[in-house]
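Worksheet: one structure, shown below.
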Amino acid sequence: MVPLSLPYSDEPARYVWGPPSGNFNFCEEDSLVTPYIVEFINTLSNVTYIVFACHGIRRTCRDISLSKATCLPYLGLFAVGVGSGLFHASLQRSHQLSDSLSMLLATVFVFHRVLTFNKPSVYRRNVTLLISICLLSFSMYHMKYNDMTSHSIVFGIMIFVVGVKTMALVEGIRDKTVQGNVRRLARVGAVTFVSGFALWLIDNVACDTLRSIRRAIGMPWGFLFELHGWWHILTGVGAYVFIVLAEFLTSTHDHNTPSEVYAWPVSAFLGADVEHLGGVAKRNREG
């Protein structure tokens, strides 16, 4: 073991909330830190979603020029953090459902926004109705059968559409300086998402190796090799980036708030130019 580390326990895991009943039990060893939190790092890392969500909710609620619906994706992101945290803390089926359904809820708000932007009101109403019916029907199916394969397909399709539509909106920005900055931020979001997914895959296929490494170096340094936790952190960052992009690429209002009100990485990669994101849609039409 490395200096200043503690050995991993060899005692059988204890489950305060009952034996795991969810579909998944991830690579993190159960109840290592406390029996009240089955997967400690996988639970703690969900704070990323909650912090970004609270930041977005606070900002959108303070901006009176924004529609109240603007905060919905951030509320969905908050639900992801809570739902995923409850699941990893307990590994119970009921909390797994809250985790998986909150992922769809958070994504569908952004999906709807980019899909209906700049469309006639009749089109928006019809698409809203169709999405609502499909989401409700799938949620009922998912709650009954807990089919994670179909969940992954639906989630993946929505993420793909959001990515494609977002890049199309970026290409429509007439100010080339702003377009370049926004394009770079979109790439950061995409790379962050893909990196998180890659770590999620490694966590699944190389679990035995990862557990050996953790036990060899001890706690807390072994926590750095809890790759599912990094998946939460990286997707939290990526989700925030694309929620912000969707919000401002489809906004018809000018937002003259300082760049510091936006969380990293938006503020870091766009700096002062983030002020000019607001009203992109409005200026494109006027130009």
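These residue numbers are counts, starting from 1, taken along the chain as shown.
Just so it is clear, glycine is given a Cβ too, placed from its N, Cα and C backbone atoms.
Remember, TrEMBL labels are computer predictions, not curated facts.
Taken from TrEMBL, the feature Ca(2+) binding site applies to Glu28, Glu39. Around the Cβ of Glu39 (Ca(2+) binding site), 27 further Cβ atoms fall within 10 Å across all displayed protein chains. Glu39 (Ca(2+) binding site) carries neither a helix nor a strand DSSP state and counts as coil.
Under the heading Zn(2+) binding site, TrEMBL lists His88, His228, His232. Counted within 10 Å of its Cβ, the other Cβ atoms near His228 (Zn(2+) binding site) come to 23, all protein chains included. Secondary structure from DSSP puts His228 (Zn(2+) binding site) in a helix.
Residues or ranges marked as transmembrane segment in TrEMBL: 36-57 (among others). Beyond the transmembrane segment (36-57), the same-chain residues lying 6 or more positions past its ends with a Cβ under 8 Å from any Cβ of the stretch are 13, 15-17, 20, 26, 28, 30, 71, 73-75, 77-78, 80-82, 84-85, 88-91, 223, 226, 228-230, 232-233, 236-237, 239-240, 243-244, 263.
As annotated by TrEMBL, transmembrane segment applies to 69-91 (among others).
Residues 72-73, 76-77, 79-80, 82-84, 86-87, 127-128, 131, 135, 138-139, 142-143, 146, 148, 151, 154-155, 158-159, 161-162, 165-166, 169, 239, 242-243, 246-247, 249-250 of the same chain, all 6+ positions outside the transmembrane segment (97-115), place their C-beta atoms under 8 angstroms from a C-beta of that stretch. Residues or ranges marked as transmembrane segment in TrEMBL: 97-115 (among others).
The transmembrane segment annotation in TrEMBL covers 122-141 (among others). Cβ atoms under 8 Å from those of the transmembrane segment (122-141) belong to residues 101, 104-105, 108, 111-112, 115-116, 147, 150, 154 of the same chain, restricted to positions at least 6 beyond its ends.
Sequence annotations record features per position, and here TrEMBL assigns transmembrane segment to 153-173 (among others).
Counting only same-chain residues 6+ beyond the ends of the transmembrane segment (185-202), those with a CB under 8 A from a CB of the stretch are 159, 163, 166-167, 170, 210, 227-228, 230-235, 237-239, 241-242, 245, 265-266, 269-270. Taken from TrEMBL, the feature transmembrane segment applies to 185-202 (among others).
The annotation transmembrane segment is assigned in TrEMBL to 229-249 (among others).
For Glu39 (Ca(2+) binding site), the nearest of the binding-site residues His88, His228, His232 in terms of C-alpha separation is His88. Remote same-chain residues near the transmembrane segment (229-249) are listed as 28, 41-42, 44-46, 48-49, 51-52, 55-56, 60, 70, 73-74, 77, 80-81, 84, 106, 110, 113-114, 117, 162-163, 166, 169-170, 173, 182, 185-186, 188-190, 192-193, 195-197, 199-200, 203, 223, 255, 262-263, 265-266, 277-278, 280-281 (criterion: CB distance under 8 Å, separation of at least six residues from the stretch ends). Here the transmembrane segment (153-173) has long-range neighbours at 103-104, 107-108, 110-111, 114-115, 117, 138, 179, 182-183, 186, 190, 193, 242, 245-246, 249-250, 280, 284, meaning same-chain residues at least 6 beyond its ends whose C-beta is under 8 angstroms from one of its own. DSSP assigns Glu28 (Ca(2+) binding site) to coil, not to a helix or a strand.
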